[in-house]
Amino acid sequence: MSSMIAVTTTELDERQREPLLHNPRSLSNEEEEEITNTPSTSSSNASPPPTQRLLSLDVFRGLTVALMILVDDAGGAFPCINHSPWFGVTLADFVMPFFLFVVGVSISLVFKKVSSKPMATKKVMQRTIKLFLLGLLLQGGYFHGRHNLTYGVDVGKIRWMGVLQRISIGYLFAAMSEIWLVDSITVDSPMAFVKKYYIQWMVAFLFCTFYMCLLYGLYVPDWEFEVPSTNLFEHEFGTKIVNCGVRGSLEPPCNAVGLIDRFFLGEHHLYQHPVYRRTKHCSVNSPDYGPLPPNSPGWCLAPFDPEGILSSLMAAITCFLGLQFGHILVHFKGHMQRLCLWSVCSFIILITGYVFELLGVPLCKPLYTLSYMCITAGASGLALTIIFYIVDVKHFRKPTMILQWMGMNALIIYALAACDLFPAAIQGFYWGSPENNLVDDTESLFQVMLHSKKWGTLVFVIVEILFWGLVAGFLHLKGIYVRL
């Protein structure tokens, strides 16, 4: 990681043009002045002076990182905030769309003016590859996380997809469309706005159509997988056959998303602990993990990747929608204009998602269904609208300072906290036995003090988030930002 850290102040201007996930600021001083300045004819909608930065994106990104830590570390104690076992949405199911949406908004600002399309394309490709490889390192199986003082991965079973890999795919599609599919006309009317970006909208529509055609039209035959002899459920190991022979199923064993991943990636390279193991079919403690119920179906032990190929294609549409919100930020200078347009667009997207659900397209994060995409993207737009109003319009910034710091160094906090690199490293120093370490003992202390295991865990996670906020604040104070 040290090779990715730059501390010299002379590089700050370059950082300010980087995408949101990769550096603390998304705008240079010149771009910031143009975007945050409101014409002097507006009195009630006046924007802050040019020296004020657009901080709502940092706060939104920091909030997303904090939510990721919360649901990952406290989701076991509170299954209601953990990922939905299959259909439906919970708090955890909004984290990934929030990330993708903010990336899309950032791209519209970074590539507002492209002097050289080939050079911009080269930088996008380089950053995509770096982000994908970092995700492969963090989530490919090399690091084993908390409670496991080992590392290393069988390359024959490395997991190819993951959170950062999905973000890299969304970033690639959205950035390339912003570089190559935008008309160079000046936006001076609503019609000019449509003419400038209509090709992007057509591409997004084609992506959605392609996804829906495969999801409902692809035939899923019977398939088999290997249950390892080391499975934790004392289930009979060996080859298991999953009977499908259907088309258009969205259930865990027989959907087109899993079929495509098994064909292109191979079952050994998929996530081996899928979320549907918390369904009532696969867990007596549903919606939490637990022992297999009697006569549970064999597919309960089958692998499935929640960040697979086809679902990542639909996830890229969330980046496209964030891109359009960023276009509003660029071309409309009045704060109230932006707030009104964002609110209207967010509610339209939300209503569209509910309509799709009523038409029979269920909310499902592992499949990233069209209804799920619309509802989470609409919620992302509303969240950005509220944060923008609080932080950049009303200037209530002190209460959000910790989230702003976390957003400025989201990448390093994600790697160290959300991917458990730091807790696992601390657990490596123990006394007597590996269970006696600073991390576990601190969590146990809170549980004893509150006489509750789950509430003690929640307090521990809140303290953990505050800790990383202060670490991010220290890095910001020293001018240290981690980027790819």
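Keep in mind that glycine also has a Cβ here, set from the backbone N, Cα and C atoms.
Taken from TrEMBL as is:
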type     : residues : note
COMPBIAS : 1-10     : compositional bias 'Polar residues'
COMPBIAS : 36-46    : compositional bias 'Low complexity'
DOMAIN   : 53-172   : domain 'Heparan-alpha-glucosaminide N-acetyltransferase catalytic'
REGION   : 1-50     : region 'Disordered'
TRANSMEM : 94-112   : transmembrane segment
TRANSMEM : 124-143  : transmembrane segment
TRANSMEM : 163-185  : transmembrane segment
TRANSMEM : 197-219  : transmembrane segment
TRANSMEM : 309-332  : transmembrane segment
TRANSMEM : 339-356  : transmembrane segment
TRANSMEM : 368-391  : transmembrane segment
TRANSMEM : 411-431  : transmembrane segment
TRANSMEM : 455-477  : transmembrane segment
Take the transmembrane segment (309-332) and find every residue of the same chain, 6 or more past its ends, with a Cβ under 8 Å from one of its Cβ atoms.
35, 54, 96-97, 100-109, 112, 161, 165-166, 169-171, 173-174, 177-178, 187, 193, 197, 200-201, 203-204, 207-208, 210-211, 214-215, 256-257, 260-261, 264-265, 338, 341-342, 345, 349, 366-370, 373, 376-377, 380-381, 384
Candidates 94-112, 124-143, 339-356, 368-391, 455-477; stretch with most C-beta pairs under 8 Å toward the transmembrane segment (197-219):
368-391
Average pLDDT across the domain 'Heparan-alpha-glucosaminide N-acetyltransferase catalytic' (53-172)?
91
Flag the pair the transmembrane segment (163-185) / the transmembrane segment (94-112) as in contact if three or more Cβ pairs fall under 8 Å (sequence separation 6 or more).
yes
Would you list the DSSP helix, strand and coil counts for the residues of the domain 'Heparan-alpha-glucosaminide N-acetyltransferase catalytic' (53-172)?
75 helix, 4 strand, 41 coil
